[in-house]
């Protein structure tokens, strides 16, 4: 008995020592190995193993095997063993029931009650070679089973497992539970730290991205990494032109299920739609019991959504995307940590998307400025067709990163498209053949992901050159006429991303190319004649193709512009539209607000809110944007001295002051940006802008009638004929002759004569006595009867156009948002009132409309009559002439709004509601 107690004491001492080894392990694997070692030694077993429940797979896995002998311990590596957590096998039975199973000694002929086939995977032994075992559950203090400890076969074949062995293994399982619990806590802390470090590192990485697609890709990768979810989907909010306002859609931009990318849903549908509408985070444990969940996709794809986490992505306070994760791999559902991590990621993604969008816009503005500069150079001098196509190719590659670009010209007469390969060498393709031919025939925009999958693509060229055409974006270039004739086709090939990889063209690329084609259409007007001659010469030299005149269709397309080209020779030799050919925003040291005002090209810009510095600075900026300083060799100092002298020469009148001059200048430059103007050269644009800023310089504050009635020096000098307008012209050129103010001094005599003629002609047209005749001619222009003016080779068409543009700018004060229009109207009335007082003091007759200037109600009636009989008819014709372009349609709308205000005010006798008081109130509210 004493010996037995001594043996037991030694065994307990050994077990205590061995159990202490469990706590010394640096990893969970070390702890498992220590437990196995203790089990083998205490039970004197040949083998031991431990199975731990794996949440992700729902099975019991064994990673560690220990043998009692030294050779076995040195060779205990083997593949991971996995058994089902059910009662069919021994380990599953113990895990499921929590019972200890012990077979002290088995007769080799007796079968086992449980499946022991996993033994063959676990050791070199077979199930038949297992003669005894103990399988004990690893229980927590709450009696929850975490795993199973297995020992089998006594080291001495003659021994059997005893009750003492059973007791010892049961105690070891208790120690193992505590060890697992400790290591689980450590593992969770380490895992949480690792997830956070990964998230922070990835967010730092994503914040440096300037490409929107890369931001989305990295966000997608990060979501999968930190959540360990079975599926991740990114929904983007879209609002296309064919979708009714308010019916915003969700498009799958990125998904672990590739076949779902591109699918669209209404925001009124599904969990993602709810998150997009409300901006709420949703963590749903059982989606099928949630009425908002749409299970149709699961049924179609035979998928089972067990858990779902959905988070909105905000940008500038509104939802722009939704991230949705489904089926947590390491648990039944997503937890609160997952919510915080994904929400933090979504917030960072929103900021990164905004930064990327801003950067992309800046870069695109710079690229657009480069494109504009190239087109200006093309327009500023004649060049061959091949050189023109080369320049267009250069501009297109600046705008879009791609490997190849082609510009095809369309020959409708011979039903073909053609492209220059080199000087006097072209390639012709029948309309309807190939991608370019298809677009030329249908006018369709083609965005092809892989050219080889497009049925009509000819791979022979690729085979000869070794080039591989993948993505293709092909688009027609149309004329500006009513019939929108296709005059060219642009074809972009192999879009490149920031990593230098070939990718596909997206919706933004399509929009950019559409804008490019609009610009190209205007530029191609100049090349019609040159292209016709090129095609004709090549056809004549061809011995294999018999054609009477390939130039005929090109001449036909150019016919509508020929009269303009001929008349333009009166003013210059080149035709080019500067309405779109603008540089990027001018750089200066002003603050952001001032910079925005100075660079603004908005028709509704509130020029009354600008100070003198901003107006003078904006004048130089606008000339620079039109490339006028560069084209005409005008120094910046010269412009600054000139505009300073002009500003100083304007008197401090209520209305006819420098503010009015700058407003007219701003209106004229807005008109010149119109895409419908394609036949002005650089001299004409410069002349019009100088005429606009100087059109009322040194205005005395009263009209021509006052000058004539008082026999002023100006009236005597100019013989009562457009007295003030002629004075403005004279003052303009007097300033230009002053030292340092010679803005036209670097021009040749013919060039100077051209600019002087346009400036004088345009300023004289601002005399209101010319309004009726101008209105009649504008009506003819609006009816598209250009031929009536085109018969006169003296350039009357251009003269009329210049007059219309400056006169419209002069009449634009009431074609503004009502708060601005009313302020301008009050200034006019104030100036009328001052002149009326002078006339009464001199005993001169006072015009009826000026007599009423002191009466607010009657003054409102004067303004209403001016709009009805002068302004509104003019603007109706002007809008028709410019094909109802958006800014001018808005201008006409403002005119009607102001007219209605004055109508109501003219019928309001209450002084408290007088027009003047309302004007001041509205002026303060702007």
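Cβ atoms here come from the backbone N, Cα and C positions, even for glycine.
Here TrEMBL flags 656, 657, 658, 659, 660, 696, 810, 863 as AMP binding site. The Cβ of residue 656 (AMP binding site) lies under 8 Å from the Cβ of 650, 696, 699, 701, 831, each of these being in the same chain and 6 or more residues away along the sequence.
Taking a C-beta cut-off of under 8 angstroms and a sequence separation of 6 or more, residue 660 (AMP binding site) has the following same-chain neighbours: 696, 813, 827. Marked as Zn(2+) 1 binding site by TrEMBL: 660, 695, 696, 810.
Taken from TrEMBL, the feature compositional bias 'Basic residues' covers 917-926.
Feature annotation from TrEMBL assigns domain 'PDEase' to 582-909.
According to TrEMBL, the feature region 'Disordered' maps to 907-926.
Sequence-distant neighbours of residue 863 (AMP binding site) (same chain, 6+ apart, CB under 8 A from its CB) are 814, 825, 829, 898, 902. Of the recorded residues, residue 695 (Zn(2+) 1 binding site) and residue 810 (AMP binding site) place their C-alpha atoms 9 Å from one another. Long-range Cβ neighbours of residue 659 (AMP binding site) (same chain, at least 6 residues apart, Cβ-Cβ under 8 Å): 607, 608, 610, 615.
Put plainly, the binding-site residues 657, 658, 695, 810 were compared by Cβ crowding within 10 Å, and the winner is 695.
The Zn(2+) 1 site, placed at the center of the C-beta atoms of 660, 695, 696, 810, has further neighbours from the same chain whose C-beta lies within 8 angstroms: 656, 661, 664, 692, 699, 766, 809. Residues belonging to the domain 'PDEase' (582-909) score a mean pLDDT of 86 in the model.
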